[in-house]
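J.: Annotated active site, N6-AMP-lysine intermediate per TrEMBL: LYS116, in sequence order. Residues annotated as NAD(+) binding site in TrEMBL: ASP34, ALA35, ALA36, PHE37, ASP38, SER83, LEU84, GLU114, ARG137, GLU200, LYS338. Feature annotation from TrEMBL assigns Zn(2+) binding site to CYS432, CYS435, CYS450, CYS455. Per TrEMBL, domain 'BRCT' is recorded for 613-690.
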Amino acid sequence: MDKSEAKKRVDKLRSEINHHRYLYHVLDRQELSDAAFDSLKNQLAKLEDEFPDLITPDSPTQRVGGKALAKFKKVDHRLRMLSLNDAFTVEELAQWEERLRRLEPRLKLEYFAELKVDGFAISLEYENALLVRASTRGDGATGEDVTENVKTVESVPLSLVGDIERISRVSRDIREILRQFPRVAKAVKNLPQRLEMRGEIYMTRAAFDAANREQKKKGLLPYANPRNIAAGSVRQLDPKVAASRKLDFLAYDLVTDLGLETHEEEHLAAKALGFKTVDLTRTCGDLGGVVDFWRAVAKKRDKLPYLIDGIVVQINRTADFEKLGVVGKAPRGAMAFKFEAEEGTTVLRDIIVQVGRTGVLTPVAVMDPVLIGGVTVSRATLHNQDEIERLGVKIGDTVIVKRAGDVIPAVTGVIEKLRPRGARAFHMPSKCPICGSKVIKKEGEVAYRCSNSRCAAVQRERIYHFVSRGAFDIQGLGPKIVDVLLDQGLIRDAADLFSLKKEDIAILERFGERSADNLIRAIAERKKVTLPRFIFALGIQHVGEETAIDLAKHFGDLPALARASMDELTAVRDVGAVVASSIQDWFQDSRHRALLAKLKEVGVRPQAEVRGAAPQALGGKTFVLTGSLRTMTRDEAKRKIRDRGGAVSGSVSSRTDYVVVGEDPGSKLTEAERLRVKTVSERDFLKLLG
Ligand code: IVH
């Protein structure tokens, strides 16, 4: 390929890559697979390698981040980077308006409100439409040059030219803006030589969760919040670090005067220039509208893809905003209208240890319930031993608890002055609280793990079994939710289910007030479970549903079963030496005894009588099932028989009363015919059930 051909190809590739970058990183639309996108970038990189003088500063290849710096250059901001004053209540907001009215009685105040993203402020400078510099706020007057890091953020445009037409082709929104706001259309077509845009670098919840999963895998400390990673990544001397993190940028402040008259127009211009902007905004004729918006946003807050800590309200008309001026470090014409602090203090009563899916031991704080951001919190993660040491927290301390959106609450500080006498230090146990195996810690890792690789899985499976249909049969509680509860440290064993509170669950993903209520109710209903179900739920090896029923009938209550001798056990139908010793072993294990005690403590009471809602129509009758039934599963059929006092057996004998014959019956039908046992069709069976 000669150079002129290469140039054509390079131009095409760049425009294609940039187009898909925009779709994906700004508009959240994907039209090309990741692999195809990467291959376009590779082709471009190869050509640029071959023809280095074709490289331009806005080429997509320039986003990778160059060499690590020794230190950041200082940048003097042409216009100070200000911050905002805060209001937390409607009253405080009204007082602000009052002050503005007193200051400028003649202004007709109109407001523009948008989300306040919880990230890190950055200023971007473009010259001849090319990004030439990105800087941090610093002290407001002087910041640091972090261009190389910020270039790695894909939603930051490296160039503003040529984009408008292309963008308006893919975004209907932007076509509309350009049509409805001629001043915006004109402004973006005649860009000045220099343009400065400010906004927030942030990390989405999804990227944050992914980053923390990575940390955990590596046995490293989790990040406290997305803002810390965003700030930390931008202020790394090695741009590779920023490149490896999925950062994002939202523009909110067009510093350069493009002849626009309102903040709303500036917001639209930013969007038309190819920047990502906040989707949720409102222009309000009065403060009432702002308050409505604030309330509406508060409701949606947990569902947004990124964390926000309030809304930003400003005087919409640019001229009025300017006229109001600056006091201290903040403009008079703007306010951060924040949400209730999601932090509270409470007393730490205990630290328990939860074993996660990967066998990692996580200390969980058990606290007096406290209302944080409208949610009652009684448990919070302490992450790991290092974090406990860093915080210097002791059992009995008054602690600061933070909750961010639907992230698990965490203990973030200790008020040492309030430490009571006798506060206890916490130590990681040397044995796994679940299986009793040795706890190990690998060199260089923060995490403590259970040395038994099956431990966490076994524990999980036990709880799945405990709540399953044949056991406690808790409506709406399947393995997925059990996983969430375990992973969030809300339960460690089945008994913990019964002390869950609605508030613990309502903040979890996939839950709301109503579904949390339903689950709590379903769990509470099961405190009175039948004895056979209770015995089956314990997961004793070799004790299936049928044996559990026989054991319940024979012993009548749990204590009798627990202290039964081998002889007493083997006297039960179908119980041989293997089953009997398995039962004895189970009850001898101190962890199992502790579980039973805990179940009792939380109010679980096995009911000796098999009291079904239905009359005992099948009392004393033994059934065998063969073939598949159309109207119910086999487990359902078994349960229905038992609920009516009947028994189910796996094989036909002379003692069998009925063989229920479904579709495709097996050898049991032949056997029934041979032994002249009565056979019934599904229809007759349904009649028998009533
Ligand atoms: S306007 C004078 N709009 O919040 C500063 N700021 O607490 C103009 N922030 O420094 C700020 N989202 O870092 C504005 N939509 C938004 C924002 C926003 C987040 C940050 C920004 C600012 C800080 C003030």
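Placement of Cβ uses the backbone N, Cα and C atoms for every residue, glycine included.
Small disclaimer: the values here were computed from a predicted structure and weren't measured.
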J.: Listed binding-site residues: ASP38, LEU84, CYS450. Which have a CB under 6 angstroms from an atom of ligand 1?
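T.: If the test is a Cβ under 6 Å from any atom of ligand 1, the answer is LEU84.
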J.: Tell me which of the recorded positions LYS116, CYS432, CYS455 ends up closest to LYS338 (NAD(+) binding site) in space, Cα to Cα.
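T.: Among LYS116, CYS432, CYS455, LYS116.
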J.: Fill in the CA-CA distance, CYS432 (Zn(2+) binding site) to ASP34 (NAD(+) binding site), as an integer in Å.
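T.: Between the alpha carbons of CYS432 (Zn(2+) binding site) and ASP34 (NAD(+) binding site) there are 42 Å.
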J.: Looking at the binding-site residues ASP34, ALA36, ASP38, LEU84, ARG137, which has the shortest Cα distance to CYS450 (Zn(2+) binding site)?
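T.: Nearest by Cα distance to CYS450 (Zn(2+) binding site): ASP34.
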J.: Between the Cα atoms of ASP38 (NAD(+) binding site) and LYS116 (active site, N6-AMP-lysine intermediate), find the distance and write it as a whole number of Å.
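T.: Spelling it out, the Cα of ASP38 (NAD(+) binding site) and the Cα of LYS116 (active site, N6-AMP-lysine intermediate) are 33 Å apart.
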J.: CA-CA, which of the recorded positions LYS116, CYS435, CYS455 lies nearest ASP34 (NAD(+) binding site)?
T.: LYS116
J.: Counting only residues 6+ apart in the same chain, whose Cβ is under 8 Å from the Cβ of CYS455 (Zn(2+) binding site)?
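T.: Counting only residues 6 or more apart in sequence, the Cβ neighbours of CYS455 (Zn(2+) binding site) under 8 Å are VAL355, GLY359, CYS432, ILE434, CYS435, SER437.
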J.: State the Cα to Cα distance, in Å, between ARG137 (NAD(+) binding site) and LYS116 (active site, N6-AMP-lysine intermediate), rounded to an integer.
T.: 17
J.: Three states by DSSP: which one describes LEU84 (NAD(+) binding site)?
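T.: The residue in question, LEU84 (NAD(+) binding site), is coil (DSSP, three-state).
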J.: Cα-Cα separation of LEU84 (NAD(+) binding site) and LYS116 (active site, N6-AMP-lysine intermediate), in Å?
T.: 11
J.: Counting across all protein chains present, how many other Cβ atoms fall within 10 Å of the Cβ of ASP38 (NAD(+) binding site)?
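T.: So the number of other Cβ atoms within 10 Å of ASP38 (NAD(+) binding site) is 12.
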J.: Are there any residues at least 6 positions away along the chain from the residue listed as 'active site, N6-AMP-lysine intermediate' with a Cβ closer than 8 Å to its Cβ? List them or say none.
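T.: Counting only residues 6 or more apart in sequence, the Cβ neighbours of the residue listed as 'active site, N6-AMP-lysine intermediate' under 8 Å are ILE308, ASP309, GLY310, ILE311, VAL312, ALA336, PHE337, LYS338.
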J.: Out of LEU84, CYS432, CYS450, which has the highest number of nearby Cβ atoms, where nearby means within 10 Å of its Cβ, if these are the binding-site residues?
T.: CYS450
J.: In this predicted model, what is the average pLDDT of the domain 'BRCT' (613-690)?
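T.: Looking only at the domain 'BRCT' (613-690), pLDDT averages out to 88.
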